[in-house]
Amino acid sequence: MAELIGASPSKARTGGWPSRPLLGVNVDHIATLRQARGTRFPDPVQAALLAEQAGADGITMHLREDRRHIQDRDIERAADMLNTRLNLEMAVVEEMIALAERIRPANVCLVPEKRAELTTEGGLDVVANRDRIAAACRRLKAAGCEVSLFIDPDPDQIRAALEVGAPVVELHTGAWVEASREHAPVAFERIAAAGEMAFEMGLVVNAGHGLHYHNVEAVAALAWCNELNIGHAIVARAAFSGLAEAVAEMKRLMVGARDSARLQRAARLAGGDSRGTADVTTDDTHGQPL
Ligand SMILES: CC(=O)[C@@H](O)[C@H](O)COP(=O)(O)O
Ligand SMILES: NCC(=O)COP(=O)(O)O
């Protein structure tokens, strides 16, 4: 049985805002390229080790029921070889829960799956599946896995996540990423507000899906953001500039965005206002202290 590897540092539970957003690199689509020909290469575990060297804080692998890309062997090898931590994405089904109990990855992210989908289309409906998800959370926690729920940025889903005992949520950013220019601001505000609500309720808050080099900074700047899981855009960039550069550049953008946001908040507060103290509960920092 693979030893449990490095658990995710859940900064929310230590009381402070996450100092810098962590980068989880999803290597699914390295495996997509391999499965295209049924070869042994490119190897997603080799990619994961390279990504770690380039700055990834964790590795995400989505073991789908149809095994279209990541295979069971990839999960087993990654659990034994990674130096950071494995985040296993999986559906809430017995086959996957039993596999996670056997392999014991540091993190498990429960995601919805439809066989016909091109990629994940929406968040997990925790509200409609409380008992089933709560039972899965209990089993996975007993196996030593830190459970996150991949949910839409919806207050009802956040409250349900807390009720079923998940310590972490990952907010689905797809609706914002795919929104028209007209609707994007509202979609982004929905993510920002949902993340703040989840953080204030004591959850660790991650985000992901469809993030790339031209939209990542907006999410990385949000002070509640503990980790971003990013895959497709990094693998696409790697095809032209190599995986190490693709990972390093994504991490640079994320850290730079958070540092810049923090400096802007400090400058605003240093500028003060008529009362001499900035009202951090109403400005655009979403009530986030420095
Ligand atoms: C849940 C999510 O948005 C992704 O992590 C997921 O892995 C997408 O599925 P594919 O990787 O199969 O596109
Ligand atoms: N949970 C999101 C993830 O792991 C990667 O999603 P994407 O960047 O491949 O869309």
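Glycine residues also receive a Cβ, built from the backbone N, Cα and C atoms like all the rest.
Site annotation (TrEMBL, ligand 1-deoxy-D-xylulose 5-phosphate) includes Asp28, His29, Arg64, His69; from Thr119, Thr173, the additional listed residue is Thr119. For the 3-amino-2-oxopropyl phosphate site that TrEMBL gives as Asn26, Arg37, Gly231, His232, the extra residue drawn from Gly202, Gly210, Gly256 is Gly210. Using a 10 Å Cα-Cα cut-off from His69 (1-deoxy-D-xylulose 5-phosphate binding site), the recorded positions that qualify among Asn26, His62, Glu89, His209, Gly210 are His62. Spanning the listed 1-deoxy-D-xylulose 5-phosphate site, residues Asp28, His29, Arg64, His69, Thr119 have a farthest Cα to Cα distance of 12 Å. Reported as a whole number, the C-alpha separation between Arg64 (1-deoxy-D-xylulose 5-phosphate binding site) and Glu170 (site 'Transition state stabilizer') equals 18 Å. Among the recorded positions Arg37, Glu170, Gly210, no residue has its Cβ under 6 Å from any atom of ligand 1.
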